[in-house]
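I have placed the structure first, in the form of structure tokens, so that the comments after it can refer back to it.
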Amino acid sequence: MLQRLLVLGSTGSVGDSILDVVARHPDRFLVHGLSAHRRVDKLYQQCLRFRPAIALVTEPQHAIELQAHLLAAGLATEVLCGEDALCEAARACDYDTLVAAIVGAAGLLPTLGAAQAGKKILLANKEALVMSGALFMDTVAQGNATVIPLDSEHNAIFQCLQGCAGDRDGVERLILTASGGPFRTRSLESLAGVTPDQACAHPNWSMGRKISVDCATLMNKGLEVIEAHWLFNLPAQRIQALIHPQSVVHSMVVMRDQSVLAQLGNPDMRMPVAHALAYPQRIESGVEPLDLTRLAGLTFEHPDVQRFPCLGLALQVLAEGGQASAALNAANEVAVEAFLGRRIRFTHIAQVVEQTLQRIDLPGHAGLEAILGLDHQARQLAREQVRVCGAQA
Ligand code: NDP
Ligand code: MG
């Protein structure tokens, strides 16, 4: 039986990894749908190659143009447009597996739709889970959906947890590894002057620009600790982040008996992608074999929250119960966009997030409306803060 895939965010970096693995296994996977935001030409090329039933875009003008091009090329692909169309497609019964690879809060509603509809969800879009935490996991449980993490650390933990054969009391703690990003060894003073291109030049992984900046600020690791908390149902104190510059150990699980299970491999997203697509089977991924004899060494150190305050802010939000997670995420999205647009400095990102968290009014409940309201309020506060920082820069 072919597994029918709806790949949301197919034009991104994770989308590339997904389609690369899918193309290696035409006997297993069928691309039902693809989606893009700005890179519509790339979506057109993907449609020519994978001939999906549907293609989704966000702008009506893009939809008209893409539909015309596809018709001219003799394809029957139907082009759909807008957030409602994304949600409807995610809830529909004509596919099996949702790949949630849209970046940021824009991925939340379609991913929740797939959870309600009981789909298998391959989750890359960590922002969606960070924003909605308990609601997301409850929706997954109620909809009888399955989540398999694509984020390499969480995918590694998912794999290592098989080592306790369902005895979750046997798990003592999780260790999430982080490369430390391109500024791991830089002084705090020198960070004020770094450029977006420097921040996006990740030493080990090739990724979209937003997550690359998150890796440089270590906000990514903060979001990932929150992600791990929800995915694996463990309290913050039992989730540790360690800097591991080689990015070979993708994460670890420490068992009660002090056995430490780790998952290793070259840093290439096609590995977690192949695992998640084929789970519980194993398929060829295209990833270079790991040559252990060529590794100079594997090192681990504690992260420095003085130089990388975003990690501390995320950990604080989780320690306080996680209610402010949607605000943390929204403020970070606004700040990263402003940094990428050269409107604020790199070191302002943490300031924008911190000031937003200080000013936000937390709602008394955690339903979807409250989460979306928090997201909205935090974006407004963060934009004000961006203007303040921008005026100082
Ligand atoms: P990219 O920026 O490369 O791709 C993002 C995708 O989302 C693109 O297809 C983009 O469309 C689409 N998109 C952006 N904004 C919107 C919107 N408003 N509405 C609909 N679609 C939108 O990001 P990545 O692939 O790097 O990351 C995707 C997600 O996966 C993120 O949540 C990230 O944190 C997570 N992740 C990524 C990893 C990686 O290795 N890249 C590793 C682990 C997790 P378009 O390109 O057409 O504009
Ligand atoms: Mg990761």
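Glycine residues also receive a Cβ, built from the backbone N, Cα and C atoms like all the rest.
Of all Cβ atoms in the shown protein chains, 19 besides its own fall within 10 Å of the Cβ of Gly208 (NADPH binding site). According to TrEMBL, the NADPH binding site annotation covers Thr11, Gly12, Ser13, Val14, Arg38, Asn125, Glu127, Gly208.
Marked as 1-deoxy-D-xylulose 5-phosphate binding site by TrEMBL: Lys126, Ser152, Glu153, Ser179, His202, Asn220, Lys221, Glu224. Neighbour density for Lys126 (1-deoxy-D-xylulose 5-phosphate binding site): within 10 A of its CB lie 28 other CB atoms from the protein chains shown. Following the DSSP three-state reduction, the secondary structure of Lys126 (1-deoxy-D-xylulose 5-phosphate binding site) is helix.
If you look up TrEMBL, you'll see Asp151, Glu153, Glu224 marked as Mn(2+) binding site. Following the DSSP three-state reduction, the secondary structure of Asp151 (Mn(2+) binding site) is coil. Contacts of Asp151 (Mn(2+) binding site) defined by a Cβ separation under 8 A and a same-chain sequence distance of 6+ are given as Leu123, Ala124, Lys126, Glu224, Glu227, Pro272, in order along the sequence.
TrEMBL lists 5-133 with the feature domain '1-deoxy-D-xylulose 5-phosphate reductoisomerase N-terminal'.
What TrEMBL records for 147-232 is domain '1-deoxy-D-xylulose 5-phosphate reductoisomerase C-terminal'.
Among the features that TrEMBL reports, domain 'DXP reductoisomerase C-terminal' is placed at 264-380.
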Cα separation, Asn220 (1-deoxy-D-xylulose 5-phosphate binding site) to Gly12 (NADPH binding site) (Å, whole number):
17
Have a look around Ser179 (1-deoxy-D-xylulose 5-phosphate binding site) and count the other CB atoms within 10 A of its CB, chains all included.
20
Work out how many Å separate Thr11 (NADPH binding site) and Ser152 (1-deoxy-D-xylulose 5-phosphate binding site) at their Cα atoms, rounded off.
19
Spatial neighbours, same chain, of His202 (1-deoxy-D-xylulose 5-phosphate binding site) - Cβ under 8 Å, 6+ residues apart:
Ser179, Gly181, Pro182, Ser212, Cys215, Ala216
